[in-house]
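Participant: Dropping the structure in here first, questions after.
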Amino acid sequence: MNNGDFVNVDGRDIRIEGERNLLELIRKAHIELPTFCYHSDLSVYGACRLCIVDIDGMGVVTSCSTQPKAGMVIRTNTAQLRQMRRIYLELLLANHHQGCATCVKSDRCKLQELAVRMGVTEVRFQTKLEAKPLDTSNPSLVRDPNKCILCGDCVRACEEIQGVGAIDFAYRGAATTVAPAFGKTLSEVACVYCGLCASVCPTGAITPRPQIDRVWQALSDERKTVVVQIAPAVRVALGEMFGLEAGVVTTGKMVAALKMLGFDKVFDTSFAADLTVLEETTEFLGRKTRGERLPQFTSCCPAWVKYAEQFCPELLPHLSSCRSPQQMFGSLAKATLPETLGIEREDLFVVSIMPCTAKKFEAQRPEFQAGGHPDVDAVLTTQEFGKMIKQAGIQFNQLTPESLDLPLGFKTGAGVIFGVTGGVSEAVLRFAYEKLTGVKLDSADFAEVRGPQGVRIRQIKLGDVELKLAIVHGLRNARAVAEDVRAGKADYDFVEVMACPGGCIAGAGQPVSFEQDTTQRRTQGLYDADKTLQLHASQENPYLAQCYSSTLDGIGGRRAHELLHTGYSSRKRVMDEGFSVLDPSGAKALEINVCVGTGCYLRGSQRLLQQLVNYVTDQGLERTVDVRATFCFEACDKGPNVKVGEVVMHRCSFEMVRAELDKQLRQVAA
């Protein structure tokens, strides 16, 4: 053995090949050490202590936080290690709400799985658990702090991958918990409802908010005609809930199952994705020709849209005005199907099956309602759909495939690949090429825009026109691209953004998987589905031409804008009145609110706040003036923003605020 290349793991020599820690190297040796807090895409935390190993000369250490060194002799399965792991699990269980039989995560709970695997048959420690209230304040996620094991996965995912930081550790010692800032609910902070926290949570502490009962109720209502749309990414993931490999396309079986459940019509969101391609590409080429509002950012990901509203409001004019495929389908269905099916609009119930938790939030946005009624009435995740199949006792794997209903069930491959990162860009290029050159594509593939990298910059030549694209997944990456655009450092023409790493195929509503290659296999499944279809470009969908002729007044037409487009506006990140920086006791004659949100902070609001505090203190005005820090005036591009009394001031300097303060104090004194 060359000690420069190997470590010894349980008597076997394992070569060091660039692994960043012992855990990765040990897993390469086909030994699956238990972990809660380790995710290869996140920073090392080392809190759960389950991945402990015994190393000669070092003793017991966590393998996730220890780098491999040549000559190490490692043991992973001694009696001491097994006992320690069982004790760690017992301690977690002692402080854990153990309603496992009724927990929504019961069939895929990592705590439960490891307790069984490690042979934990009793909990010898007394439970000292005070029940904490559930957070059901939003339509997308449920947060149950009683089931949290403080692994920190959600905290790191939210900060490191999405750059949002909506939740963090709070308090100390035995009182430590994971919660949104300032004791708020998720709906009152900057959460974008992407659900990445739920994806990485090993227990039921954060889960997608279910709407199964609402859908069952609609299916049981004889007055309702219930139709359903299936998102592209669902077809390559649902099978995992029934023992199939990730990436296996199950569209036909899904249709059969939905018909058995009682849905009257089964359609494909990919039809609406084809619509999105025609509308978005036309909008983009119009902007490109006029040289205005470039780059154009995509708007199909509701988590990204909410992120932009909160963190990048000055870039909202750059977002495509196109609705997402889900919402295009909903508005089109509500506008056309009542007449086609001979029913009243209020008797049509539209259900979406989505890989995404943010879609639940999107469906409830006021922009997507008509007459007080939503275009999409209920959103189920892939997981919820699988549960409904199981509740009905349907043997999914034995079903004979059935076909989708027309016309809203017909799609091209361009609509199908919307579910992967780069898919929207590729679909747009397939249409843009034909529009710019007048020539039909020989090959529909634009493989240049594909790939797993979080940010991909590509230059694509379509005839005489050269386009510069940025394809981004993960909102922290999106923030970096947006900052470059805002600072004038980037000259992109088109930017595709998806919140979930890998795209919709890795959405929080998909079946939970801890396999490293699941995302890759789902991705390949959608590309294979594209290949098996006869048509690969959205403009080739014959039912789109019929739809534009009969309903939408042509691409970009008046009716198309009414049904398929929308607009967005800036949104507060924290729903709060702020807090007093000086002594908050007693009634004050005058109030000063200084925004300390990111946009204003970057423009100097913290320094301005300190100057005001010093001024009020030096002048002895603490009993008269209440200086408060607040979080958003919804004018982030005009910061620092300050409100003195009822006067709102933008782009403030200390001198401006002091002058207004002195003026109002004189008025109070008079």
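Yeah, the Cβs are placed from backbone N, Cα and C, and that goes for glycine too.
TrEMBL entries are annotated by machine, without manual review.
What TrEMBL records for 1-80 is domain '2Fe-2S ferredoxin-type'. Taken from TrEMBL, the feature domain '4Fe-4S His(Cys)3-ligated-type' applies to 80-119. Feature annotation from TrEMBL assigns domain '4Fe-4S ferredoxin-type' to 139-169, 182-211.
Walk me through the surroundings of each of these features.
Facilitator: With a cut-off of 8 Å between Cβ atoms, the residues of this chain six or more beyond the domain '4Fe-4S His(Cys)3-ligated-type' (80-119) that come close are 34, 36, 48-50, 52-54, 60, 125-129, 131, 144, 146-147, 149, 201-204, 207, 210, 511-512, 514.
According to DSSP, the secondary structure content of the domain '4Fe-4S ferredoxin-type' (139-169) in residues is 12 helix, 6 strand, 13 coil.
Taking H, G and I as helix, E and B as strand and the rest as coil, DSSP gives the domain '4Fe-4S ferredoxin-type' (182-211) the counts 10 helix, 3 strand, 17 coil.
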Participant: Could you tell me what the rest of the chain brings near the domain '4Fe-4S ferredoxin-type' (182-211), counting residues at least six beyond its ends with Cβ under 8 Å?
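Facilitator: Same-chain contacts beyond the ends: 36, 39, 42, 96, 103-106, 109-111, 135-145, 147-149, 151, 153-154, 157-158, 161-162, 164-167, 302-304, 306-307, 310-311, 356-358, 360-361, 378-381, 383-384, 475, 499-500, 506-509, 512, 573-576, 579.
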Participant: When secondary structure is assigned with DSSP, how many helix, strand and coil residues does the domain '2Fe-2S ferredoxin-type' (1-80) contain?
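Facilitator: Going by DSSP assignments, the domain '2Fe-2S ferredoxin-type' (1-80) contains 12 helix, 19 strand, 49 coil.
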